Amino acid sequence: MCGIIGAVAERDVVPILLEGLRRLEYRGYDSAGVAVIDDKDCIDRVRTVGKVAELDGALKQHPLAGKTGIAHTRWATHGKPSQSNAHPHICRKSVAIVHNGIIENHELLRKSQTDGGHAFTSETDTEVVVHQIYDYQQQGKGLLDAVRTTVADLEGAYALGVISNHDKARIIAARRGSPLVIGIGIGEHFIASDVAALLPVTQKFIFLEDGDIADITRDSLTIYDERGEIVERPLKISQLSADAMERGSYRHYMLKEIFEQPRAIAETLEGRLSGDTVLEQSFGPGAKDILDSVKGVHIIACGTSYHAGLVAKYWLEAIAGVPCSVEVASEFRYRHPIARRNSLVIAISQSGETADTLAALQEAKKLGFGHTMAICNVPESSMVREADLALMTRAGPEIGVASTKAFTTQLTALMLLVVVLGRRHGMAAQTEIKLVEQLRSLPRRIEEVLTLNDAIEELAEFFANKHNALFLGRGAQYPVAMEGALKLKEISYIHAEAYPAGELKHGPLALVDAEMPVIAVAPNNELLEKLKSNLQEVRARGGELIVFADAQVDMKSDSNVRVMTVAPTEDPIAPIIYTVPLQLLSYYVAVLKGTDVDQPRNLAKSVTVE
Ligand code: F6R
């Protein structure tokens with residue numbers, strides 16, 4: 001989290017930095033700032049609390065201009081959102097830095113710098129970095145060397161952009177553990193946390209590796225690896241257009257992204273199906289040997305991506321006959337798990353940069369688990385580069401903080417994996433034919449379920465003054481219920497929990513009364529009758545039920561039951577379909593509550609800190 005951007009050019013870079021910050025705002029939005037070297041070779045800075053729009057407003061009052069500059073949008077870790085904690089941080093009007101990550105040894109450095117005479121102006125971990133660079137400059141080092149020596153003193157994670165008025169047409173960038181990309185313009189260079197920030201100015205990118213330091217001027221770029229050797233990193237051309245990030249006529253990115261799901265799923269399937277089969281070549285070179293060796297799967301992920309993993313566990317064991325465990329990445333990385341050599345470790349992540357998932361993936365490799373795979377939406381991300389195999393979801397940029405199309409495309413990709421592993425573990429050929437048919441039908445079925453939009457918007461009114469909600473599902477619909485609860489809480493701030501419906505009577509039933517809406521997903525499958533009995537338990541206690549039920553199921557709306565009918569769907573793909581009405585429900589509840597749907601409080605899209 002936190003987004004950084006920088007530019008060194010022949011033109012005023014402030015408009016480029018501001019537009020880049022708007023595009024990075026999903027990474028953090030509690031404060032923002034920009035610093036440039038002006039035409040008198042002074043570092044000028046403006047910082048504001050709140051969103052980039054506030055910074056924009058402040059810049060209208062105090063315009064800045066300069067040909068070298070850096071900017072930052074913050075998601076607070078050390079120190080509350082405030083102007084003094086906002087980046088860029090400056091030391092003695094001489095060096096300015098922006099930072100994404102966490103400096104773990106900041107207390108130690110702060111102490112020695114305070115003893116050395118530095119007066120701290122913020123509570124951040126970042127400020128020690130700028131003082132350290134300044135001190136090395138004072139010892140006679142140039143900017144590049146001062147940064148190089150400084151990062152050797154740091155423990156933790158960082159993506160850094162550094163400018164100094166002693167070297168006014170230069171940016172030094174450094175990366176360890178946090179993403180950083182260099183954009184190549186014509187006679188100008190840029191840095192950013194994400195290509196999205198730079199799409200209006202370039203499509204050419206170089207991705208820094210961990211430990212790299214880049215020395216960047218308008219017309220030169222030199223990258224040093226962690227041993228200090230000059231290295232060439234490949235140039236990549238992004239296929240993304242600047243427009244892919246636009247909201248269009250939708251009120252929020254989240255709604256746009258919900259409605260993009262049919263297309264996103266179609267693109268995820270593109271070139272991966274042929275006739276009745278899943279094309280194994282689409283898993284990349286070397287996939288066959290790896291898949292042949294897999295005896296079990298271990299999935300690591302966070303948040304919504306973790307829920308996708310939980311659905312896949314039901315599929316992998318019941319359909320493919322492959323044992324599967326699923327674990328929250330932040331737990332996996334510290335619990336000293338026992339390595340299983342024939343396990344395929346799968347990291348699921350929209351961004352490919354989530355710090356816990358990336359570290360868990362690295363830990364799995366270190367511990368000697370078998371092969372690794374990333375299921376990811378960002379081709380150039382750290383996880384894709386780290387894993388042996390990458391299965392890309394092709395959802396396109398997801399800007400809304402609440403993940404929607406990333407989840408359904410992850411499930412689609414996971415179903416492809418279920419098929420190729422199932423083949424090797426005795427799954428009937430007929431099952432593959434049926435699954436491929438169902439996968440092909442997904443875009444059409446999602447279009448169908450999206451027609452519930454207006455009815456769900458009306459239904460949302462019922463939630464406007466509720467403070468709690470329970471979500472219920474059984475089997476592979478239980479993680480769908482978990483995902484529904486997560487969506488509701490993160491964007492509407494209504495407390496919501498999910499339970500497997502059969503678990504209700506073991507405790508949570510005590511919570512049920514007229515003030516506790518209970519939302520259930522009820523596809524037509526072998527667990528339906530059991531689910532119905534669980535729902536009766538809720539009705540008998542005066543609970544208000546909302547059920548998304550298969551049209552062929554005999555369930556009718558009643559005094560305290562509202563049934564929303566979903567077109568008949570085959571069981572394996574039902575979790576993908578039933579996710580969509582729950583996304584719409586939380587979206588409309590949040591709109592009614594007037595929350596900031598795309599940028600809910602306290603959250604950020606790409607969680608690149610622990
Ligand atoms: C919820 C949400 C988060 C992310 C989680 C993992 O709507 O977006 O829970 O799913 O932070 O992010 P990725 O998938 O980028 O690793």
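Including glycine, each Cβ sits where the backbone N, Cα and C put it.
Now, the feature entries from TrEMBL:
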| type | residues | note |
| --- | --- | --- |
| ACT_SITE | C2 | active site, nucleophile |
| ACT_SITE | K605 | active site, for Fru-6P isomerization activity |
| DOMAIN | 2-219 | domain 'Glutamine amidotransferase type-2' |
| DOMAIN | 286-427 | domain 'SIS' |
| DOMAIN | 459-600 | domain 'SIS' |
Counting every protein chain present, what is the number of Cβ atoms, excluding its own, within 10 Å of the Cβ of C2 (active site, nucleophile)?
28
Nearest-integer angstrom distance between the alpha carbons (Cα) of the residue listed as 'active site, nucleophile' and the residue listed as 'active site, for Fru-6P isomerization activity':
10
If you draw a 10 Å sphere on the Cβ of K605 (active site, for Fru-6P isomerization activity), how many other Cβ atoms land inside?
26
For K605 (active site, for Fru-6P isomerization activity), the three-state class that DSSP assigns
coil
Arithmetic mean of per-residue pLDDT over the domain 'Glutamine amidotransferase type-2' (2-219)
95
Look up C2 (active site, nucleophile) in the DSSP assignment and reduce it to helix, strand or coil.
coil
